[in-house]
């Protein structure tokens, strides 16, 4: 019987490298695939893709597997980046990593791998898949500090049935130890952070290349004008840094936080103090719902949800407004709920799916 063929997405980082190594040790026929998803202003100053490809090739050589490089930049721009810009233009705060996983890493990549005769694809995500009576469940990674199921909630049954997450049961320290013990040259390489196509460049500088500035007033809830903002797209709910209005104006010496973005009036509302009531929301409305099993979770049940990556699970309930919109009510008010971000629902360690935060609700 021939070995099952797995195409591994190799980024040049330690996680995907160890994923490829483990699959090779488990007896799979492994092919490495380096994805280039961005070309605009692809300079060494801000983008590490050239070095990442070199690192991936070095690892593939040590493991003894072939490595192919493929360019998905056109697909990325059409399916991910255009949505990213549209959301910022509308005053929301999108999460492109979620869409990149669903549209590029587990769609364009999966299609390409099928053309290579792959039985499965694999990545270095900290997540797990469990087949329960023919239903594929997405589980949290064992390392709670690195769990990436939040970014994978849009994956469907067809995608999960072909997906392997070889390091999902490991802790990060163990991944680095395995890499070092097996002589992988990138065992100590720093983890990548931030949005992949922005790299190390300042976010405001990058966004201004694609969207024009639209300055407006910064106000308090009572209407006092505190200053001017450079454009609502540069701010997100809960933001403290970069407001340009100081930390002591207003009388009580507490720092200022963004509490609301009014796109119609082009007004940025700020409040003083991390625990200001206007920063807390007991409920939210979510749209563009995606459920991993293909079935909507039942109502009248206690679940847990995350409104941002690495947030602690927050107990909640779900009420469906229609088949593509729901209300999520929390047991405790949530801080800085940002429209455009993803809300992801869990039942214990199982990621059920989620949606995009459309609005916050006060009651």
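Quick reminder: no glycine exception, Cβ is built from N, Cα and C everywhere.
Annotated features, as they stand in Swiss-Prot:
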ACT_SITE  100  active site, nucleophile
ACT_SITE  196  active site, cysteine persulfide intermediate
BINDING   9, 10, 11, 12, 13, 14, 15, 16, 35, 124  ATP binding site
DISULFID  100-196  disulfide bond
SITE      125  site 'Interaction with tRNA'
SITE      341  site 'Interaction with tRNA'
If H, G and I count as helix, E and B as strand, and all else as coil, what does DSSP give for residue 35 (ATP binding site)?
strand
Would you please pick out, from the binding-site residues 9, 13, the one with the fewest other Cβ atoms within 10 Å of its Cβ?
13
Cβ-Cβ neighbours of residue 15 (ATP binding site) (radius 10 Å):
25
Using Cα positions only, nearest of the recorded positions to residue 341 (site 'Interaction with tRNA') (9, 35, 100):
100
Assigned element (helix, strand, coil) containing residue 9 (ATP binding site), judged by DSSP
strand
Please give the maximum pairwise Cα distance, in Å and rounded to a whole number, for the ATP-binding set 9, 10, 11, 12, 13, 14, 15, 16, 35, 124.
16
